[in-house]
Amino acid sequence: MEAIISFAGIGINYKKLQSKLQHDFGRLLKALTVTARALPGQPKHIAIRQETAFTLQGEYIYFPILLRKQFEMFNMVYTTRPVSLRALPCVETEFPLFNYQQEMVDKIHKKLLSPYGRFYLHLNTGLGKTRIAISIIQKLLYPTLVIVPTKAIQIQWIDELTLLLPHLRVAAYNNAACKKKDMTSKEYDVIVGIINTLRKKPEQFFEPFGLVVLDEAHELHSPENYKIFWKIQLSRILGLSATPLDRPDGMDKIIIHHLGQPQRTVSPTTTFSGYVREIEYQGHPDFVSPVCINEKVSAIATIDKLLQDPSRIQLVVNEAKRLYSLHTAEPHKWGTDEPYGIIIFVEFRKLLEIFYQALSKEFKDVQIVVPEVALLCGGVSNTALSQAHSASIILLTYGYGRRGISFKHMTSIIMATPRRNNMEQILGRITRQGSDEKKVRIVVDIKDTLSPLSSQVYDRHRIYKKKGYPIFKCSASYQQPYSSNEVLIWDPYNESCLACTTTPPSPSK
């Protein structure tokens, strides 16, 4: 049977393949279809989403090149589109890697040496996925396209590439660069582009790239972003993710058909001591009742209502003041000789401005940065991102901050709104590889006791226990937005410990 190999994948005549497989044809298509799992509380009128690892173009049906072995039984005769790749300049440049990073580099390099090589790297947040990928770029010496989800991550990639591989010509591809039509791998060695821009490009744009790196690859499951896979099939592809199969609806499984099963590396021995300060907050009756849409509780609308409580906003401000005081007045007590930073997470963008205004009134001379200038001007400014690397307080949404944002001086988190998903990535913002291990990590978690969302705290407990962080409980209310003394409710060193204490763990613990 004849087939073609192109940037869209393996193309086979639809009718001939259907005739050849007969009843197995339907089974094949079903096996390559991912159907979203219905989530608790999901309205029945919302259609269940499906995504397929095949696409139809005219008389042909295209499959990911990764699946070509499944067609070997048909003695396929492939017509391959020729691709000519130039080699990048070979300059001996060394930069340090941890042992686990070097082992993974060797493994990835071996896999990507083969034509149409694929590798899906699963490495926890903060452990150096970017540095591993840059080492692969240096070894393969192919013109490379790096696809990232946000401008913040794009800037981090540019900075890291420029630092580690200064001999290469590196450029950022964004909406402004789109006007420069000749900006391709002929002019640059490595191009770092944002998915929202690149997914609109024709397949000819991707032709000169011998290697494509997909940062946060698990996020490419969305209907629009997923289309990128049908334009890069001829390239070697390296996917990077800290949470490759973590979506509640299971839609990120579609990525496996293109990249293969995620491959984990041996976890490093670096540990960060820390603890959780869980505040049971009793909100004002006017703000704690659930908001229902189509007879189902809406988490987003309920959170929006919770944050209309001025006392709850003040509680967050008070906790920020408490942490800042600990960090600056008595830094030696917390395992450091200098102040360090606080990240305040909220659920959605409009809350960033609310908390920024509230914090600004209390912190007159403290640098507070909100990198997501997108809430005002449609994009993140380079200035805001640069300021964030020295700021004492950073405000982020969960959706923006859970991605590969790196601020190594940040060691405390305040979760200003409830959260259930992506907690591994959220905590990863204060446990970056290469940051100071001596500094105690502190997580402030507010549990709204009268809200239907209060049960989400138990999902967070699971992650805290996995990290080995003891949990200290205290209380506050709309009448008294200052938290009470702490009570130890879980101790990683004594599972049954329910002793009362007001003393946080020491750095040595």
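Cβ from N, Cα, C; glycine included.
Features as listed in Swiss-Prot:
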- 110-262: domain 'Helicase ATP-binding' (DOMAIN)
- Leu123, Asn124, Thr125, Gly126, Leu127, Gly128, Lys129, Thr130: ATP binding site (BINDING)
- 215-218: motif 'DEAH box' (MOTIF)
Collapsed DSSP category at Leu123 (ATP binding site): coil
Averaged pLDDT, computed only over the residues in the domain 'Helicase ATP-binding' (110-262): 89
Three-state secondary structure, Lys129 (ATP binding site) (per DSSP): helix
Counts of helix, strand and coil residues, the motif 'DEAH box' (215-218), according to DSSP: 2 helix, 0 strand, 2 coil
Gly126 (ATP binding site): tally of other CB atoms within 10 A of its CB: 22
Candidate with the highest Cβ count within 10 Å, taken from the binding-site residues Asn124, Thr125, Thr130: Thr125
Cβ neighbour count (within 10 Å, all chains shown) around Gly128 (ATP binding site): 20
Cβ packing number for Lys129 (ATP binding site), 10 Å threshold: 26
C-beta crowding around Leu127 (ATP binding site), within 10 angstroms: 22
